[in-house]
Amino acid sequence: MKLKSVFRSVLKYRKTNLSLLLLITYSIITLLYIFDHERYKLNLPKEDEHPEFNDLLETAWGDLQIITASFHPYTSKENDKVHDYLLKRVLEITGNSSFASVSDDKESERSILFQQQDPFNESSRFSRVTYFESSNILVKLEGKNPEEEGLLLSAHFDSVPTGYGATDDGMGVVSLLANLKYHIKHRPNRTLIFNFNNNEEFGLLGASTYFDHSWSNLTKYVINLEGTGAGGKAVLFRTSDTSTARIYQQSVKENPFGNSIYQQGFYSRYVRSETDYKIYEENGMRGWDVAFYKPRNLYHTIKDSIQYTSKASLWHMLHTSLQLSAYVASNSLDTADQTPACYFDFIGLKFFVISAKTLFYWNCIFLLVSPVVAIGLYLISRDRMTWKSYSWLSWTRFPLSLAAGIIVQKLFSNDIIRSNPLTFSRNYFWPISAFFTQVIFTSYVLINCSNFFFPCADMKSLSIIELFIILWTILLFTSKLLYSSDYRYTGLYPLSIFFLLSTIAAILRLLALALGMRTRKRLGRECRDHHSNYSSHSQIDMERDGQENLEQPQDQLTSSQDDQASIQDDNVSTTSAGPSHNVDEDHGMDSSSQQHDERVPLLKGSNSMEEGLSTRENSLKLEYTDYAWIIQFLLIVPIPSFILFNSVDVIMDALNHTVQEGSKATFDVLRFGMVGSILIALPILPFFYKVNYITISLTALLFLISASKTLLVHPFTNSNPLKVRFSQNIDLSQGNAASVHVLGREGNFLKPMLQDLPSIKYSSTHINCTSVTNGMELCMYDGMQPNLLSTNGNTNISSMVKVHVLHNNRNSTERSPYEPIVAELLLEVKENRACTLTFESRHQAKSPVREITVYQKKNSAPQKANITKTIKSASGINELQLHKLDFDQETYHIGVQWFPKLLTDGNVEDDKLGTKDELSVSISCYWGEYDSESVVNGTAVRKIPAFDELINYAPLSFSFTNEQKGLVIVKDAIIL
């Protein structure tokens with residue numbers, strides 16, 4: 001019996017037991033979190049156990065070291081060196097394989113001219129035409145069953161001008177090489193195409209060019225490897241549908257990592273990035289976008305280097321892609337279910353998938369069945385007189401305490417906005433922790449204050465029922481969102497899981513009441529309110545408790561007395577000050593009322609019909625009331641808390657650094673933090689009012705620490721820097737001044753940093769900082785002249801870009817007023833790969849340009865010196881982007897056709913039609929090499945000294961990236 005007494009004491013609903021169980025729960029969640037984030041680092045293949053995998057990893061790491069030795073954007077000569085190295089490696093791997101073929105776009109001089117929407121801004125109405133000369137390297141491995149739909153594996157080998165491209169996308173490229181090496185040894189059943197593509201960074205152009213290749217007709221599926229962060233684990237960022245998600249589930253058995261929350265966030269444009277997967281998806285392919293996703297403040301900076309990543313990160317991407325490609329290459333695929341997928345992994349051990357449409361149907365079932373069951377059980381318990389009636393004060397305690405916590409949270413968020421709005425960039429844990437502790441602490445204080453004056457029995461069960469009602473409302477709203485989005489809101493699944501488990505807990509309580517001991521009188525109110533100065537328990541309840549005490553066996557007497565003492569000791573209403581209302585929360589009884597209620601019989605041992613309850617029935621009731629809370633706790637707290645915490649962490653981990661990208665992103669991150677902390681708090685709120693003083697003291701202490709860290713600590717450090725965008729602009733139409741543009745977040749960050757630069761503080765250079773859109777700040781100053789070319793004389797910037805008008809018939813008398821105007825330009829640019837022409841008419845709202853022609857020079861076909869590509873657009877063309885490979889080819893030859901104003905508005909009475917038909921052309925040409933030198937008058941000088949100065953003298957709490965596709969932009973303008 002002593003063991004039983006200990007067991008009952010440990011499991012009884014007491015403050016200490018509850019607090020200990022909460023501690024254990026959160027400790028387990030913390031350990032699982034650490035395990036999830038660290039386990040992949042311990043799974044590298046060992047040479048003695050997996051020699052083939054070890055060789056693939058070591059070879060890939062060596063390849064990565066070579067291709068990330070320098071910056072290699074499309075606009076640099078280093079880009080060609082990376083291309084040549086990859087081509088050499090591809091030829092080495094394929095060797096004399098009978099089923100392998102290699103195609104080099106650079107050798108075949110492949111180019112495309114096409115119209116595209118801005119791939120990084122879907123809301124843009126700017127009509128863009130792009131000319132691109134490709135240097136993609138494609139490899140075809142013909143499968144044993146070539147009639148099966150093929151698989152494309154893709155990664156891009158260009159970097160941005162300010163990054164080495166280790167993660168973006170060097171790891172993807174060397175993973176493709178490893179996959180190629182593996183499949184050469186293990187011939188696939190279906191045909192595989194490998195696309196080592198170029199110039200993803202400035203328009204996803206390598207992927208677009210793929211569909212100009214005849215091999216594109218062989219592939220239906222795609223695995224795109226990308227890096228939109230700087231290391232960590234490679235996540236299944238998005239996938240086409242439920243079928244492809246299940247293929248990932250079936251193939252990636254070791255260290256799966258994916259979450260459809262990322263997919264919803266990406267499609268909702270909370271992340272301002274894109275990958276080649278967008279192009280493949282738009283062209284009807286189905287597949288998987290596997291990418292690194294954090295941290296974004298190192299993404300596209302000098303820290304995207306091999307020093308800031310690891311073999312563990314490389315192996316995670318390589319092994320994931322290898323498992324997936326091997327499965328797809330060798331198995332028949334079930335691709336019937338093309339509805340969007342909800343998916344997530346459990347600490348890298350198990351991957352779960354459900355169709356978003358199926359989830360919606362289940363939500364509908366939950367929404368319909370759960371209230372019917374709950375109401376039915378309520379009616380049964382009321383009919384059996386086992387329902388405990390609650391006052392309106394009792395019903396409002398839980399929701400009002402939750403509302404008060406949200407209000408306090410909102411007030412605190414206002415303090416964050418005023419004092420430290422970018423704090424999430426440094427560490428999102430502290431603000432989330434502050435929000436979370438605010439909610440639970442406010443709930444604790446209000447519920448216990450209410451219970452002090454108006455005691456309520458069974459507050460826990462009432463709160464669980466109210467939580468069920470709140471979650472039912474939330475699930476109704478989210479289900480509507482899921483349906484209206486055509487099932488693309490794939491990140492809402494955690495709420496369905498939370499609702500299901502909370503519903504089970506609430507139904508169990510209602511079921512216990514419905515099946516409870518029947519009485520002949522309705523139970524009175526269980527909660528003392530301001531309308532009554534006595535407890536209104538029915539006589540039957542009190543007599544029944546008395547009978548229970550009389551009928552207990554003698555050998556259980558000591559245990560029973562201990563239990564009763566613990567109940568009174570832990571009661572939420574017992575206090576040393578104020579009214580002494582000792583409410584037995586499990587038995588629904590105010591012990592003090594027994595002395596004052598005239599309905600209480602003088603003899604508790606009365607043998608009346610109402611008191612004739614068996615010892616067995618009372619024992620069962622006591623057993624339920626003692627231990628049922630554990631079942632409710634285990635249903636509501638551990639699993640929902642882990643899933644909700646993990647979901648919030650997933651969101652914040654991907655988005656916290658986006659606060660640097662504008663005030664809108666800052667608001668989004670703050671909003672996600674507030675809502676996320678409420679969701680994390682909800683599972684424990686029905687229980688938290690009963691924790692002991694140590695737990696609540698630690699909660700208050702954690703809030704004070706979190707709040708101070710959130711409000712007072714500087715948001716940027718060496719490991720979490722502020723990312724600033726750089727460009728140096730030279731407008732030849734306004735002189736040769738080399739104006740440096742530095743773009744970053746408002747908040748007195750940029751100007752103090754710039755004022756400390758030697759070239760500024762020793763020359764009194766003026767810095768002009770102005771606010772631009774979306775909470776950003778642009779600072780401009782005249783910087784040191786760039787040295788873009790090697791020369792034996794003085795560098796003349798004006799000679800870098802020259803525009804020659806070869807033909808223009810706007811004022812020709814031979815042209816009819818109704819005839820389109822035609823002009824031909826020769827754009828002379830030295831050692832350049834990228835330029836942009838922008839067309840604008842001062843007298844027409846839309847661009848009048850309807851046709852663009854690009855005249856190409858083919859090195860392999862000198863007899864066909866001018867090969868033309870032409871594109872037409874009825875809606876007008878605003879911009880022409882030019883990308884060429886040959887640095888020695890110093891000209892772009894362009895033809896432009898535009899409509900006269902007479903054709904667009906039909907105003908024949910306008911006497912200035914000639915002037916109104918003028919077309920303004922703005923030219924911008926880009927240079928992206930900075931980590932190299934030019935030789936000027938026999939002396940080696942840095943190409944972009946203004947950028948070098950920023951890198952060398954700015955505090956380590958700043959990182960730098962390019963504002964546009966080049967670091968130096970030379971501009972000019974003409975009127976045709």
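Cβ coordinates are placed from backbone N, Cα and C, and glycine is handled just like the others.
Keep in mind that this is a model prediction, so the values were computed, not measured.
Lifted from Swiss-Prot, the feature list:
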ACT_SITE  E200  active site, proton acceptor
COMPBIAS  549-558  compositional bias 'Polar residues'
COMPBIAS  559-570  compositional bias 'Low complexity'
CARBOHYD  N96  N-linked glycosylation site
CARBOHYD  N121  N-linked glycosylation site
CARBOHYD  N189  N-linked glycosylation site
CARBOHYD  N217  N-linked glycosylation site
CARBOHYD  N656  N-linked glycosylation site
CARBOHYD  N768  N-linked glycosylation site
CARBOHYD  N796  N-linked glycosylation site
CARBOHYD  N811  N-linked glycosylation site
CARBOHYD  N866  N-linked glycosylation site
CARBOHYD  N937  N-linked glycosylation site
SITE      Y299  site 'Transition state stabilizer'
TOPO_DOM  37-359  topological domain 'Vacuolar'
TOPO_DOM  413-428  topological domain 'Vacuolar'
TOPO_DOM  483-496  topological domain 'Vacuolar'
TOPO_DOM  649-668  topological domain 'Vacuolar'
TOPO_DOM  714-976  topological domain 'Vacuolar'
TRANSMEM  16-36  transmembrane segment
TRANSMEM  360-380  transmembrane segment
TRANSMEM  393-412  transmembrane segment
TRANSMEM  429-449  transmembrane segment
TRANSMEM  462-482  transmembrane segment
TRANSMEM  497-517  transmembrane segment
TRANSMEM  628-648  transmembrane segment
TRANSMEM  669-689  transmembrane segment
TRANSMEM  693-713  transmembrane segment
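Mapped onto this structure are the features recorded in Swiss-Prot.
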residue: N96; record: N-linked glycosylation site; DSSP (3 states): coil
residue: N121; record: N-linked glycosylation site; DSSP (3 states): coil
residue: N189; record: N-linked glycosylation site; DSSP (3 states): coil
residue: E200; record: active site, proton acceptor; DSSP (3 states): coil
residue: N217; record: N-linked glycosylation site; DSSP (3 states): helix
residue: N656; record: N-linked glycosylation site; DSSP (3 states): helix
residue: N768; record: N-linked glycosylation site; DSSP (3 states): strand
residue: N796; record: N-linked glycosylation site; DSSP (3 states): coil
residue: N811; record: N-linked glycosylation site; DSSP (3 states): coil
residue: N937; record: N-linked glycosylation site; DSSP (3 states): coil
Inset, instruction - Determine which residues of the chain contact the transmembrane segment (393-412) at the Cβ level, with the cut-off under 8 Å and only residues 6 or more beyond its ends counted. - result: 434-435, 438-443, 446-447, 450-451, 454, 456, 459, 462-463, 466-467, 470, 526-527, 529-530, 674, 677-678, 681, 685-686, 707
Legend entry - Minimum Cα separation from N796 (N-linked glycosylation site), reported as the residue among recorded positions Y299, N768, N937 that achieves it: N937
Inset, instruction - Give me the mean pLDDT over the topological domain 'Vacuolar' (714-976), rounded to a whole number. - result: 88
Legend entry - Of 360-380, 497-517, 628-648, whichever stretch has the most CB pairs under 8 A to the transmembrane segment (669-689): 628-648
Inset, instruction - Flag the pair the transmembrane segment (497-517) / the transmembrane segment (628-648) as in contact if three or more Cβ pairs fall under 8 Å (sequence separation 6 or more). - result: yes
Inset, instruction - By CA-CA distance, flag whichever of N121, N217, N656, N768, N937 among the glycosylation sites is nearest to N96 (N-linked glycosylation site). - result: N217
Inset, instruction - Using C-alpha positions only, work out which of the recorded positions N189, E200, N217, N937 is nearest to N121 (N-linked glycosylation site). - result: E200
Legend entry - Nearest of the recorded positions (N189, E200, Y299, N768, N811) to N656 (N-linked glycosylation site), judged by Cα-Cα distance: Y299
Legend entry - When counting Cβ pairs under 8 Å to the transmembrane segment (16-36), the leader among 360-380, 429-449, 628-648, 693-713: 628-648
Legend entry - N768 (N-linked glycosylation site) versus recorded positions E200, N217, N811 - nearest by Cα: E200
Inset, instruction - Find the shortest Cα-Cα separation between E200 (active site, proton acceptor) and the recorded positions N189, N217, Y299, and name the residue that gives it. - result: Y299
Inset, instruction - Taking only the Cα atoms, work out how far Y299 (site 'Transition state stabilizer') lies from N937 (N-linked glycosylation site), in Å, as a whole number. - result: 37
Inset, instruction - Note down the number of other Cβ atoms within 10 Å of the Cβ of N217 (N-linked glycosylation site), including every protein chain shown. - result: 9
Inset, instruction - Check Y299 (site 'Transition state stabilizer') against DSSP and tell me helix, strand or coil, would you? - result: coil
Legend entry - N189, N217, N937 screened against N811 (N-linked glycosylation site), Cα within 10 Å - retained glycosylation sites: none
Legend entry - Integer Cα-Cα distance in angstrom, N217 (N-linked glycosylation site) to N189 (N-linked glycosylation site): 17
Inset, instruction - Determine how many residues of the topological domain 'Vacuolar' (413-428) DSSP places in helix, in strand and in coil. - result: 11 helix, 0 strand, 5 coil
Legend entry - Beyond the flanks of the topological domain 'Vacuolar' (649-668) by 6 or more, those residues with Cβ under 8 Å of it: 33, 259, 261-262, 265, 270-272, 293-297, 421-422, 424-425, 428, 432, 676, 720, 722-723, 744-745, 773-776
